[in-house]
């Protein structure tokens, strides 16, 4: 008799899969388990598809359609002869094999023809609504200014009131200019070959990369970027003009969209945006080569390569990741994807003063070296002046260039003010994390690159998980400014799900720690989970009780705090489990090689806890990260969305985002609480981790505080000296720190005294003969 079965007879246990241990089942629902999941975040049930698979024929009546259907049925039935004699098979079975192959080929051709046929408008709307995709045609052409009549006899109060009414009217007019569109969705990746005619090698690389189901952003973006004419080919060119309808200018813009569109995509983190812009860029290069009759298959032949696409990313890590993904996707196609490095030169055109600028550049190099040369070196330089010209790096041949803003801008602006390099052959400019690139920190650099791309057929695409309204306005203003010279292509915006919210497949926790010491204690409890929960909810759920398993990321506000936290935690993991090597730190002050080494170790699971700043908050893809710890409160709602998006990539469930906040953070934490509440509402969660009483109790954040927090972070953590030691990350008491500082001071003082005594002794020996002792 099994005593355990007897004692547990009255309890209900979860059914176990045969042959699978319970521990494995408990750990399977986390990102690092490697379980294959559906990458699509949304698949709502919005009703049955429209009845009938046949398209409506406008040129015929309903009776004719029914007659045609009857004829089709008769033809299908006539193909089968139920009373025909049984055919004799060949001895080798060749006839049956040939017939089976013909039937298979005919079926395949019919399937491809079916996939190449546009989907009906109603079905398009149903699919887009099911995946929560919303397209908007943004007005790029300048609208005629509205005539506002103002009376000179109005009083000041009435004038102010009239100005408010005019502003509201202009806002309503701007809203009405934005028309919804319903392009063709990408139902499966097999459509890319049949309907959108991408390169066969590119389709094979997609299959080898295990791309099976398109995500929401891929489902919505790829048709518009690959073949916008086909994507907008259904009735009304995709414009829903039955409600407000009738914007003839917008209709005309969409009818000319076959040459390409400008695109703005706002999609959740980890939803496949990189593939969405790399695939059209590579296919565009191959398509233009085919039109010119160039194969470009031999990568050693540099004459085939011309810079046609530029991808700009805000950080080195993200740029390196994009370049690696591009090389995998372009393998065997002859398209060269290059990551720009310091000192690299790319193909660019200059003005007529190119020769003059080179001479001036040589003079600059020579003038810099003159101060460090001796007289003999100067004479030798004069005799060998022709051979002392600075050696320039060879021009790198690339089809697609991946870069950070400053690297490319330094190359374009290198030289004197009379030389301006241009990139006239670039036809595609891609801004990944566009809200950061067009913010104040990178705006000047990004606009310098944008203005250098002078191709009249230039198409610009903007990608991010968050997009503020002022960034959208800035994009529209720049596109309108360029529309003065030539007709502007249409700008289509795609929003996946709710704007500026975190991914719905992760859970969120807000933990109040009161002080900095409480943060350190809470983080150590995550490293060594206790039997109790650390959530603030009054009702705990199984998700709240789930411990955070490594690997995970820890985000802090400054480099100084990242280094201090690493010193505190590096010995918390036992030596038997790897010890200090399991905890690493990464920030922008580290050399590029050291940062790359840390990233490699983290991807290889040699590092379990990676402490970092916001340098890793955007774009970097770690598939197996189980969670994110916001040790310091993020500076904005967008920063929280991107930090939390490092887990739960590609639809993986089980990720956890933990945020610590102290007494000093209470005035600023409501931004994070609002994002958590919206994200859980979007996911359809029953009970939110952010209780309503907490949202009501937290104070609202003013615009001034939001701006200061976004630019500089929480004031008390900017430096230890400014906070009078309150923001110090340490587990030592004040007495221990004082004793340690006194010991260090005593050692330093002893060293100084020894050095002074030695110097004094050396000085006394330098004199002449000893003259004896004075009386």
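These residue numbers are counts, starting from 1, taken along the chain as shown.
Placed from the backbone N, Cα and C atoms, the Cβ positions cover glycine too.
Segment annotation: Swiss-Prot labels motif 'DEAD box' over residues 432-435 (candidates 424-427, 428-431, 432-435). When the ranges 191-219, 220-248, 249-277 are checked against Swiss-Prot, the one recorded as motif 'Q motif' is 191-219.
Cross-referencing 295-345, 346-396 with Swiss-Prot places the feature region 'Disordered' at 346-396. Within its own chain, residue 272 (ATP binding site) has 39, 214, 215, 217, 218, 650 as residues 6 or more apart in sequence whose C-beta sits under 8 angstroms from its own. Residue 269 (ATP binding site) falls outside any helix or strand according to DSSP and counts as coil. For the compositional bias 'Basic and acidic residues' (708-718), the number of residues in each DSSP class (helix H, G, I; strand E, B; coil) is 8 helix, 0 strand, 3 coil. With a threshold of 8 Å between CB atoms, the same-chain residues lying at least 6 positions outside the compositional bias 'Polar residues' (26-40) that come near it are 131, 213-216, 219, 271-272, 549, 551, 623-626, 647-655. Sequence-distant contacts (6 or more apart, same chain, Cβ under 8 Å) of residue 271 (ATP binding site) comprise 39, 41, 215, 216, 217, 218, 496, 503, 650.
Sequence-distant neighbours of residue 273 (ATP binding site) (same chain, 6+ residues apart, CB-CB distance under 8 A): 217, 265, 267, 432, 463. When DSSP labels each residue, the compositional bias 'Polar residues' (26-40) comes out as 5 helix, 0 strand, 10 coil, counted as helix, strand and coil in that order. Listed in sequence order, 465, 502, 503, 641, 642, 644, 645, 646, 648, 649 are the same-chain residues six or more apart from residue 269 (ATP binding site) with CB atoms under 8 A from its CB.
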